[in-house]
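K.L.:
I have a structure here, written as structure tokens, and I will follow up with some questions on it.
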């Protein structure tokens, strides 16, 4: 939503921002003026949107438009407008399954440690979002600026003379908690209403899922979680394709998905309205669930982006309506019969909401129907969908296409599909099944959701006024990849962006996903960093893809290209099939269970095979079927192994921490796995250097000396919660663990809690390979957890003493 701004709009906005800053010069010789601000003082420490006081801004166009459309029920306008001009509360979601022990402990820790302290410090509650199930989503009723120590827009906090933080210590600790756990992937900062579409889609483990406009990725995370967490007794059979038209935003999408370490997700780069429907030959590409969270004018996000008040006008919807309709048509094309599609926007405009829904129902007739979206979020307060609306163009209101003057029909972006159908037709569509969320109902942003069910096969999507046939032909073979939705113009070439009506500005800041709420580096800087790194890696891979120029490791490790072609600029991933001898060495050293993990699911992204990735069976079959490389794959798979660079070892590849939990929890490897008590983990996390074997507990030392070979191994600690005990403590990486076959000790109940660490052993010592940030978070977890050690820990007095000393430290 709101995925770009026109070039003219960008330049005008830049000039407006510069003019609003009150920039002054120091007069003659001011270049070395001692009173001039330093670079650190001149550089803003927060976004300008945080400083805009919406209560001081008026936009008559906005007020008159929505009053005339009767978007707000009678008697509620004042409450609606007052809420729209207030700041948006901070909200976040705990990642993972509600049944995961780490998630439960993180929630318990947050309640115990932060809920009361932030209430005392700010007078605002930290509380679960009522309509989100299992207390997995939370709201703290302060603005982002207040949480970051800037104060509300009307009362900004003055910095202290010594530069110290002026916030209450409780708020500082809570802010640090959010940043730390967000970096580790234990929680996701996300606007409340952005959480609705994945819940309504109701993803199950066997579903093939497409997220058509996925960046920046918060909703995609929810889809992956639904796929993984609903299948705790085994690997899910389904997968998620997360697509976006902007390659830079695809890098952000990769960053978000990587936090969940899932082997069941593919990131692709396509114009959503041209997404491939076939993989070559007779292999059709179809999905059980499609999320169509389309680009929009984003006026439902005014609370988060108040600077948009100045720039809003009703023509913004005119320029993007057709694009929204074409993307939705393509999504319905790609849907299996019986499958479901969610259409959503963060816009309040009926031209982007109900008008698109009615156009889809009119186009597909009895092959498509609306389903009840509210049943999936029964506690969510909603307003009724509109049954009638009008279009404002040329300074006047128009109720039908026929009543529109000819000059507006020819010289503007107004389309027949923007107008409300006859009342009897609208009634037959059952628009009341849609969700229209108004901000004053539950202190949220504005949002619209419609849930469709496909009842029969449909023909190729063609929207009036557009080249539907040509678009379909390009999507099925000769797609022009330069025609992207998320280019600098914001809406691609769908109907243009600069006619006589003025440019429809699509706000690049206002995303209901809320990923811009993060602290420190922003989305743009992350995108540049990720783009540079990924492009360099991909470029190097494609540069040596030619056999004549390939380095020696190609002949040693790679058998052939599994998927991908030499695209211009090396922007897309190639997948390489590893040679049988390489796979056999890995299988013998790590004891890979080929029944659970067929060796063909281990692939490389480069001919040098520096890293090896695990992809799910469903994704592997799909990529093999894509013989014509219709899918532009930017990223897939989870990294499980990489070259160590050490000589003289039985296996040159070491385990990677990001994929280790998957390998251990699903028992995909049976060798080089050492099960140790918690005290040994504490020792390693605290020391973060080589630990002699004789410093470990006797059983751990025995396994290291007699059951593992020199090289990499996994150190695994299982913890159980005694019956009746309560779990607490902050979490680190979300647990997607499937319980090992071993039974818990007598009198204890299984809590599915595994702590896995990649280790390196040589010359009678072991060293941890876990990143420092993750080990520090694990220390917090292990130091304050409500779990107790296993019987192996309790039987060793020396281990007890070390654990007590570590807890005191």
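Quick reminder: no glycine exception, Cβ is built from N, Cα and C everywhere.
Because TrEMBL annotations are produced automatically, they should be read as predictions rather than curated entries.
Below, the features straight out of TrEMBL:
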- 1-51: region 'Disordered' (REGION)
- 31-47: compositional bias 'Low complexity' (COMPBIAS)
- 118-455: domain 'SAM-dependent MTase RsmB/NOP-type' (DOMAIN)
- 149-168: region 'Disordered' (REGION)
- 213, 214, 215, 216, 217, 218, 219, 244, 271, 293: S-adenosyl-L-methionine binding site (BINDING)
- 346: active site, nucleophile (ACT_SITE)
- 463-525: region 'Disordered' (REGION)
- 490-504: compositional bias 'Acidic residues' (COMPBIAS)
- 726-746: region 'Disordered' (REGION)
- 790-809: region 'Disordered' (REGION)
K.L.:
In the predicted model, what is the mean pLDDT computed over the domain 'SAM-dependent MTase RsmB/NOP-type' (118-455)?
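P.N.:
Averaging the confidence scores along the domain 'SAM-dependent MTase RsmB/NOP-type' (118-455) gives 90.
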K.L.:
Fewest other CB within 10 angstroms, which one of the recorded positions 213, 215, 346?
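P.N.:
Checked 213, 215, 346; of these recorded positions, fewest Cβ neighbours within 10 Å: 213.
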K.L.:
Cα-Cα, whole number of Å: residue 346 (active site, nucleophile) versus residue 219 (S-adenosyl-L-methionine binding site)?
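P.N.:
About 13 Å separates the two Cα atoms.
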K.L.:
Measure from the Cβ of residue 217 (S-adenosyl-L-methionine binding site) and count the other Cβ atoms within 10 Å, all protein chains considered.
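P.N.:
There are 29 such Cβ atoms around residue 217 (S-adenosyl-L-methionine binding site).
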K.L.:
Applying a 10 Å Cβ distance cut-off over all chains shown, what neighbour count does residue 219 (S-adenosyl-L-methionine binding site) have?
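P.N.:
Excluding its own Cβ, residue 219 (S-adenosyl-L-methionine binding site) sees 28 Cβ atoms within 10 Å.
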